[in-house]
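Right, one structure below, let's go through it.
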Amino acid sequence: MSNPQLKRLFSHMALLTLARIVGALCVFAITFLITRQFGANMMAQYSVFLAIASLASVLLPCGFHAIGSMIAAEYRALNRLGLLSFFTQYGHRLIVIMSLIAAIPATVAAMLIPSEGAYDLSIILAGAIPSAMAMGYIYFNGSILIGLQRQFSGQLPDMLLRPLLLIASFGLIALMIDDVSIAHLVLAATAIFIATAAIQWIRLRRTLSKQAGTASEQEEERKKWWQMAPSWTVITLLWDYFIEIHIILASLLFAPFEVAMLHISFRIRQLAGFGMKALYSLLMPKVFSANAQQQNGETQSLIRLSSRITLAYATAAWITIALIGQFILGLFGNEFEQGHGILMIIMATLPIRALFGPAPAVLGMKRNHHRIAQILLISLALSLVLTMGGFELGGLTMVAWGYLAATGFTAIAMWLSAKQKTGINCAVWA
């Protein structure tokens, strides 16, 4: 990349990182507000609601949101924008159909589950499906915009607008309602998810071609999408939402206070990881485009650049949290300071991921998504074995160790697989 291109890249990265930090601070403030104003039990309930909605939002698009950036970047590079419009329409219909199907078991479960217990699961499930549908649209449309190298339009509604609206609405709820229940938070969150999806769709609609390609092209491409998408459902579920799986698992094993502490630790880790995501969102569409045009040297150069920058960032983030993490936890209440060790274990996943580079994306763009899914399934099993087998002795710490062990295994296995399958070394030392 030339110097002007690098300057533009870092300028965009800085703006996206700033927006992510502001949005993440709002998410952090939401966690703080719920915990301090409504209590740890309410925080635990809201974290379970978010986890269920997030996991469902991955399943509803059947993996199409995960391949959206690759497909959009490829069609843009090859000037096949009509097929991109068809891909978008097809994905939207798929999300609606899957949401209607998912609503049936969710409704039955909400009616049958007793109201007693630490969690009001009937309310949580009632809000989870419409929230998941809206989130599915957000992630699907956002991935297409990112693939078209419209990163701001693709990411700002989700990473900045949605958190701002959430903190504003929850603040109003705290001021105006004396007896706040989980139903108030779920209803407000669901409405905001839907509004965010609508705003993002308006941005995407302006960029799409009115043509949708020929019938023969549509059929050929549709087969290709379905060859990739199902595996990417597993990949996205276990890669991007590994945290939510652990939150739900913890809710089955531990008291609400411990679930709230784990949720707070994961939120801090997500906040620290936003810089890495901003960098990858800027560089990976360029990698996909260079790969589609068979520019192998440029592809390797961009991957090497992303690996080295993200490792520097991840290391700095880990050191920062080591120094001030206990203080941050104490803001939620003195009782949360005991979670500093758990937080540091969770934070160690950032430099480990960065060290071995964007191997999942490299395997995906070379159509080796089945290998990714296999590795992630093994990593989930590893985490479950460590957590379920050791929680009685190690308590909540075993959830963190299971998460770290699974992340380390995944990073190494994917780096080796990418090197073997594609010949590309994604690691920082490449």
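The chain as shown is numbered from 1 upward.
Cβ coordinates come from backbone N, Cα and C, glycine included.
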Residues flagged as transmembrane segment in TrEMBL, choosing from 225-242, 243-260
225-242
Is the transmembrane segment (341-363) close to the transmembrane segment (400-418), in the sense of at least 3 CB pairs under 8 angstroms with a sequence gap of 6 or more?
yes
Could you check whether the transmembrane segment (183-204) packs against the transmembrane segment (160-177) - three or more CB pairs closer than 8 Å, residues at least 6 apart in sequence?
yes
Quick check: do the transmembrane segment (12-34) and the transmembrane segment (375-394) share at least 3 Cβ pairs under 8 Å, counting only pairs 6+ apart in sequence?
no
